[in-house]
Amino acid sequence: MIWVNIAVVLLIAGCVYLSPQLSRPTVPLGVSVPARYAADPVVAIAIRRFHRITGSAGVVLLVAVVAIPNPAVGLAVGTLGMVAAGALALIWCRRSIIMTKRESHWYDDVSVVASASVSPQAHATPRRVWWSIGVALLVQAVAAAVGVARWSQLPQRFPVHFGISGRADSWADKSVMTVFGPLLIGLVVTVVLGVLLVILAKLPPRRYADGDQGGAKQRAESTLRVTTTILSGAVVLVATMFAVVGTTTYLTVPDELRGVVVIAMTVVMLAFAGFAVVRATRLRGEHQVVVTSESSTKSGTSAADSPDDDRVWKGGLVYFNRDDPAVFVPKRVGVGYTVNVGAPAGMALTIALLAFVVLGVVLPLALH
């Protein structure tokens, strides 16, 4: 099943490699630039350098995944290594854009406008949000029902951990926690993602002028719509994967068939990732704005740009702004939203999410 590890690492490497193409054109590698400089040679060179570094890192890490004997260690090295390589490459490559922007005074003669909406605006949560949460809870409820129905037939030594190949490699005495532990974890993940999804769906879209103030509202709404669509699918996908793991265990599925299930889940995950990339790429196309003073005058739109706010974006990745009460803001790198760690609620949420991730790692190890 080494190819499953390869597929996962390849997926992460692809997302990292494509991140500049999935971001707003006016924030290349997380750096604020006026719309007329979005295609500047310095920007293009920096992005090509980022592609070379992350592409090379992806190849090296894929070789490492194949070479490392322990599949679990290989997967950890591949995934964590790719994320680290992407972050370091971003920080390194963006420096040339920042330096040129400062030395050439790109913003000196540029009109800027900040039209971010931070006041609540009442609007209905899209139906797809509630449908996705409902389906996610339903599939987990079905899996739990199968476990309850099969309780008396489950072995006293119950498998609590499976290798990447789908074979059980650890057992524990049968109990509510060992039998339903994966479903409980899945339920917590589903609830957390569901709550975040509902919050995001109700957010007032944050607008960025980006050289075309007239189209800012439409671009903001498109960003929020694509984000909630992808996250809605992710909620159902994650819940289904936990449910499948539980159901195949309760039905004592043979290892060979379990391996087929692992392959099927991997294919579904890759297909969903492809769908997300396509939607994000189309969104980026909508944001591809090149406005001249002549065209903006004819169309009646403003050619004002978004302000240069690099100071509140640490490394282009972390948003820290004490003066902004918003907890969630659109990401600079990639598509979606991130947390404002400068807001008290944002900092609390970040700590809670980190604790949740740690729990997600520690709990399975405790059951192992």
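Note: Cβ is positioned from N, Cα and C throughout, glycine not excepted.
Quick look at what TrEMBL annotates:
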TRANSMEM  72-93  transmembrane segment
TRANSMEM  129-149  transmembrane segment
DOMAIN    141-185  domain 'DUF1648'
TRANSMEM  179-201  transmembrane segment
TRANSMEM  222-245  transmembrane segment
TRANSMEM  257-278  transmembrane segment
DOMAIN    322-346  domain 'DUF5808'
TRANSMEM  341-367  transmembrane segment
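Among residues of the same chain six or more beyond the domain 'DUF5808' (322-346), those with a C-beta under 8 A of the stretch's C-beta atoms are 15, 19-20, 22-24, 27, 29-30, 90, 116, 118, 199-200, 203, 206, 208, 223, 226-227, 230-231, 280, 283-284, 312-313, 316, 353. Beyond its flanks by at least six residues, the transmembrane segment (72-93) meets 2, 5, 8-9, 12-13, 16, 19, 29-30, 46-47, 49-50, 53-54, 57-58, 61-62, 64-66, 163-164, 315-317, 333 of its own chain at Cβ-Cβ distances under 8 Å.
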